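TrEMBL annotations:
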{"type": "ACT_SITE", "residues": "His255", "note": "active site, proton acceptor"}
{"type": "BINDING", "residues": "Tyr25, Arg165, His255", "note": "glyoxylate binding site"}
{"type": "BINDING", "residues": "78-80, Ser107, Gln128, Tyr130, Thr156, Lys231, Ser253, Arg258, 286-290, 309-310", "note": "FMN binding site"}
{"type": "DOMAIN", "residues": "1-360", "note": "domain 'FMN hydroxy acid dehydrogenase'"}
Amino acid sequence: MGEITNVMEFEAIAKQKLPKMVYDYYASGAEDQWTLAENRNAFSRILFRPRILIDVSKIDLSTTVLGFNISMPIMVAPTAMQKMAHPDGEYAIARAASAAGTIMTLSSWGTSSVEEVASTGPGTRFFQLYVYKDRNVTIQLVRRAERAGFKAIALTVDTPRLGRREADIKNRFNLPPHLSLKNFEGLDIGKLNKAEDSGLASYVAGQVDRSLSWKDVQWLQTITSLPILVKGVITAEDAKIAVQSGAAGIIVSNHGARQLDYVPATIMALEEVVKAVQGRIPVFLDGGVRRGTDVFKALALGASGVFIGRPIIWSLAADGEAGVKKALQMIRDEFELTMALSGCRSLKEITRNHVMTDWETPRASLPVPRL
């Protein structure tokens, strides 16, 4: 793995190693995959305004999230069925995140349970929650996450139905037979049924509650004392309601561009959400982060931190726990370098003035045609 110099290079290795059905499942976006490309492309429309001749001999990347100390504002996003990528799956990612001094978010649809992930050792972990039609399933899941020492719930709110991921339909995506959704094993809903299209889409249609609404965000607070991060907010309107509904934080996310296509890149939606919450709760960014420069841009536009999804899966597939450690270290190192070259010694020194977006750049005036 010595030849890998950035986290994007893990994807090609993962693609070689994984079965097509599995690679396609992780890689896909919804429908035309416009938002999938845009999540990346939008970062390239934000440029730096670096400040020079500042003593950057000491740089502090540490921060707190919901009161928990982490080594850097870079966390692990929830991604489903990690044992499809590597036999160590969620265990490897949990250990790598803990070693990096950051937070792992475990998916409801993990191929390891909350108890199994907790057994890997110390570390701050959040639990991503899908609300099932059977509320007792949800209550049990939240209780188990609490008992296993998880510190927050990331409630996914953009998935009343699964987005249309056409590769999964073509491949008739299903969980490989030796794996199951471990959190649901005892409840007889740990297996996806064979389907004519995407097995996961059929599963969601059968199990996940389409009636989920803001009153359920309040209901969730009556069954748990854990802070609730609302994951999947991309508008100012919903950001304001999230604050009113008692959310502890917002994750600006378009579900890795896997739900509704033609929504903006999350980095484009970020500032609208940040302005709407007026500093009352932290706002995090999920989607398209592949470089330390991306992390800096998100923080400059008001994010308190970022979550990374696919690069963690690709690095896991490429080299297990060591791959994930390397991916987290590379993004960390790039971010530290970006801070140094921008003249920022701590996260609080990163300001809106350190970036410019192309919509602020003065346009060259067009020549006036001669009459």
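Just so you know, glycine gets a Cβ as well, placed from its N, Cα and C.
These numbers come from a predicted model, not from an experiment.
TrEMBL feature annotations superimposed on the structure.
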{"residue": "Tyr25", "record": "glyoxylate binding site", "Cβ contacts under 8 Å, 6 or more apart": "Met81, Met84, Arg165, Ala167, Asp168, Asn171, Phe173, Leu200"}
{"residue": "Pro78", "record": "FMN binding site", "Cβ contacts under 8 Å, 6 or more apart": "Thr105, Leu106, Ser107, Ser108, Phe126, Gln128, Ala154, Thr156, Gly309"}
{"residue": "His255", "record": "active site, proton acceptor", "Cβ contacts under 8 Å, 6 or more apart": "Thr156, Asp158, Thr159, Gly163, Gly232"}
{"residue": "Arg258", "record": "FMN binding site", "Cβ contacts under 8 Å, 6 or more apart": "Ser28, Gly29, Ala30, Leu36, Gly163, Arg165"}
{"residue": "Gly288", "record": "FMN binding site", "Cβ contacts under 8 Å, 6 or more apart": "Asn39, Arg40, Ala42, Phe43, Ala265, Thr266, Ile267, Asp294"}
Inset, instruction - For the recorded glyoxylate site, whose residues are Tyr25, Arg165, His255, find every other residue on that chain with a C-beta no more than 8 angstroms from the centre of their C-beta atoms, and list them by sequence position. - result: Tyr26, Ser28, Gly29, Ala30, Leu162, Gly163, Asp168, Leu200, Gly256, Arg258
Inset, instruction - Compute the average pLDDT of the predicted model within the domain 'FMN hydroxy acid dehydrogenase' (1-360). - result: 95
Inset, instruction - Quick one: give me the count of other CB atoms within 10 A of the CB of Arg165 (glyoxylate binding site). - result: 25
